[in-house]
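Colleague: Quick paste from Swiss-Prot:
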MOD_RES   Ala2  N-acetylalanine
MOD_RES   Ser9  phosphoserine
MOD_RES   Lys13  N6-succinyllysine
ACT_SITE  His75  active site
ACT_SITE  Asn148  active site
BINDING   His194, Ser201, Arg203, Asn213, Lys237, Trp303, His305, Lys306  NADP(+) binding site
MOD_RES   Lys233  N6-acetyllysine
MOD_RES   Lys306  N6-acetyllysine
BINDING   Tyr358  heme binding site
MOD_RES   Ser417  phosphoserine
MOD_RES   Ser422  phosphoserine
MOD_RES   Lys480  N6-succinyllysine
MOD_RES   Lys480  N6-acetyllysine
MOD_RES   Lys499  N6-acetyllysine
MOD_RES   Thr511  phosphothreonine
MOD_RES   Ser517  phosphoserine
MOTIF     524-527  motif 'Microbody targeting signal'
Amino acid sequence: MADSRDPASDQMKHWKEQRAAQKADVLTTGAGNPVGDKLNVITAGPRGPLLVQDVVFTDEMAHFDRERIPERVVHAKGAGAFGYFEVTHDITKYSKAKVFEHIGKRTPIAVRFSTVAGESGSADTVRDPRGFAVKFYTEDGNWDLVGNNTPIFFIRDPLLFPSFIHSQKRNPQTHLKHPDMVWDFWSLRPESLHQVSFLFSDRGIPDGHRHMNGYGSHTFKLVNANGEAVYCKFHYKTDQGIKNLSVEDAARLSQEDPDYGLRDLFNAIATGNYPSWTFYIQVMTFSQAETFPFNPFDVTKIWPHKDYPLIPVGKLVLNRNPVNYFAEVEQIAFDPSNMPPGIEASPDKMLQGRLFSYPDTHRHRLGPNYLQIPVNCPYRARVANYQRDGPMCMQDNQGGAPNYYPNSFGAPEHQPSALEHSTRCSAEVQRFNTANDDNVTQVRAFYVNVLNEEQRKRLCENIAGHLKDAQLFIQKKAVKNFREVHNDYGTRIQALLDKYNAEKPKNAIHTFVQSGSHLAAREKANL
C-alpha cells in the first residue's frame, strides 16, 4: 500500500509537503535566466531543424553531457550520513588532538559506508569487505579515519595494491568477474589468508551498514601535549549488535533490493533510530613495539586484546541523512593523510602508500581544488596557505595575500607546535621482502579459537563454493595454503572441492606457454 511506504520511498512526497506553503520557484537556466518553455525546442517550422540559438536546449544538454564524474576506482558503491563524535573518556595523556580535548566534547562527522570491488550500481549484499570511513571536522582541520569493517587487510606492501584490485575487478578481455584472477592472486600471496578467512566467514556479508564494526585497521601514532608518543589502533563497535546475512538471504536481496544497505541506513535515520558506534583505541608503547613478537605495523595482523585491551574513548552517532547524494556522498573525499596535531602516521607500509594514493585519486576524480567542495571543506579551521588557482577554484583564492613563502608582509607563518614527532629509522635502505612474515599463526587462532564448529563449516563451504570455479592448479595452491594454517581447514575445503569437481569436471588446461620455457617450468612446479 502506498500509505505505508518507508521514508526513502516517500522522499518526493515529503519534499512537497515541506514546501506546501511556498510558491513554485521560477524555472531558470544555469545562469539564472527565466525559462519560458521547458517542453519544446525552437525549430524552423513545426517539422524543421533545431536552431543553435535555443540556449535553453544547449544549456540543458551541455550540462547533462557532463553530469558524471569518474567513478571511484574502489569503494564505488556507498551510502553516507552525518552526525557527531562525543568524547566519553579522557585520553589526553595519549593525544593532544582537539577532537579528544575533554569529556563531553562533540565534533561534527561525516561517514561513508561502501563495498570495495563492485561498481556504483552493484548490490549492497555481496561478499566483500566494507569501507567505513569517518571524517571528523575539527578545529585543527579535518581528520579522516579511512577504515574498513575488518581490522586486517589482504596485503602488507602497497606496491601490490593495484594488482590486488585488478584481480578483484573484471577480466581485461571478457569484462567478466574471473575466479582465476581472484584466487590466483590470493594463492600466490599467502599473507591474504587472514583477511580471506574473515571475508568468507559469517561476517563477510553484513546485514546492512548499521550492524557491523569499523576499524582504522592500520597502526597510527598518538602524541600528547608533552611530545610523548605511543602507537595505537582505532576500533568502533556497533551499538546495534552484529548481524550478518546468510548466503541465501544475500542472494535474494541482491535481486529484490540491491540497495538494501543504503535504504536501511536512510530509513533508520529518517525515523529517528540513529545508529551509533562506541569508539575505542588500543595503545602500544615504543618499547613494547621493539619486543613485539611480530611487526606491529603489519596490517595483515591484529594486536591481541588480552595484551593490548580496548580503551573506551567516545561515541559516533549518525543523525542526519544527506540533503543531496551527489553533493554530500559522491563528492566526499576521505584522505588518510588528513591528520591534525596529536595523530600521526606510523611506519605501516600500507598506510604510507595510502598517504599518497588517496589525495592523488581525489585530484583526478574531483579536481585539484576538491577541498573547496563544501562536504570536504575543513570549515571549522581557517585555511591559510600558499596554494593558488587551478580548475574549479570556487572561493576568493585568498585574495591579495602573498602567494610565496617566506615573505615580509605578515602572511601565514608555520607553527612549531605542529611539528611531527621525531622518529628514528633504520639506516639500511632496500626493498625488503615480507612475503613470509608468519602468515598463518593468527589465522590458525581465528579458525580454531574464534569460530565454533558451525561457523567453521560455513567458512569452508563458502570458500569452496567460490574456489570451485577456478582452475585445478589454482585450487591446489589455495588448498595448500589453507592446510598450512590447519590441516582440518585445508582438508575440509579439498573434500568439498572434490564433490564439486566430480559433478563438473574441470579443464586444467590454461594459458598456453611454449614447451621448455621458464613459464612452462614454473607452471609444472605449481601442479
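Just so you know, glycine gets a Cβ as well, placed from its N, Cα and C.
For the listed features, I'd like the structural context: burial, neighbours, distances.
Modeller: Under the three-state DSSP scheme, Ser9 (phosphoserine) falls in the coil class. Sequence-distant neighbours of Ser9 (phosphoserine) (same chain, 6+ residues apart, CB-CB distance under 8 A): none.
Around the Cβ of Lys13 (N6-succinyllysine), the same chain contributes no residue under 8 angstroms that is 6 or more positions distant in sequence.
Within 10 Å of the C-beta of His75 (active site) we count 23 further C-beta atoms, all protein chains included. Secondary structure from DSSP puts His75 (active site) in coil.
In the three-state DSSP scheme, Asn148 (active site) falls into the strand class.
Long-range Cβ proximity for Asn213 (NADP(+) binding site), meaning a same-chain Cβ under 8 A and a gap of 6 or more residues, is found for Asn149, His235, Tyr236, Lys237, Thr238, Ile242, Trp277. Secondary structure at Asn213 (NADP(+) binding site), as computed by DSSP, is coil.
In sequence order, Pro151, Tyr215, Gly216, Ser217, His218, Thr219, Phe220, Ile281, Gln282, Trp303, Tyr308 are the residues of the chain that are 6 or more apart from Lys233 (N6-acetyllysine) and have a CB within less than 8 Å of its CB. Under DSSP, Lys233 (N6-acetyllysine) is assigned to a strand (E or B) in the three-state scheme.
For the recorded site, Lys306 (NADP(+) binding site), the DSSP three-state label reads coil.
In the three-state DSSP scheme, Tyr358 (heme binding site) is classed as helix.
The DSSP secondary structure for Ser417 (phosphoserine) is helix.
Ser422 (phosphoserine) falls outside any helix or strand according to DSSP and counts as coil.
Close to Lys480 (N6-succinyllysine) in the fold, though at least 6 residues off in sequence, lie Ser187, Gly490, each with a CB less than 8 Å from its CB.
Under the three-state DSSP scheme, Lys480 (N6-succinyllysine) falls in the helix class.
DSSP classifies Lys499 (N6-acetyllysine) as helix under the three-state reduction.
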Colleague: Just to verify: the residue among Lys306, Lys499 with the fewest other Cβ atoms within 10 Å, which of the recorded positions is it?
Modeller: Lys306
Colleague: Could you find out if DSSP has Arg203 (NADP(+) binding site) as helix, strand or coil?
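Modeller: For Arg203 (NADP(+) binding site) - judged by DSSP and reduced to three states - the answer is helix.
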Colleague: From the recorded positions Asn148, Tyr358, Ser417, Ser422, Lys499, pick the residue whose C-alpha lies nearest to the C-alpha of His305 (NADP(+) binding site).
Modeller: Asn148
Colleague: Just to confirm: which same-chain residues, 6+ apart in sequence, have a Cβ under 8 Å from the Cβ of Ser201 (NADP(+) binding site)?
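Modeller: Sequence-distant Cβ neighbours: Leu451, Gln455, Arg458, Leu459, Asn462.
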Colleague: Can you give me the same-chain residues 6 or more apart in sequence from His194 (NADP(+) binding site) with a CB-CB distance under 8 Å?
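Modeller: Sequence-distant Cβ neighbours: Ile152, Thr300, Lys301, Asn439, Gln442, Val443, Phe446.
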Colleague: For Arg203 (NADP(+) binding site), which residues of its chain lie six or more apart in sequence with Cβ-Cβ distance below 8 Å?
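Modeller: Arg203 (NADP(+) binding site) has long-range Cβ partners Asn149, Thr150, Met212, Ile242, Asn244.
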Colleague: Of the recorded positions listed here (His75, Tyr358, Ser417, Ser422), which is spatially closest to Lys306 (NADP(+) binding site) when Cα positions are compared?
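Modeller: Closest by Cα: Ser422.
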Colleague: What Cα-Cα separation, expressed in whole Å, is found between Ser417 (phosphoserine) and Tyr358 (heme binding site)?
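Modeller: For Ser417 (phosphoserine) versus Tyr358 (heme binding site), the Cα atoms are 26 Å apart.
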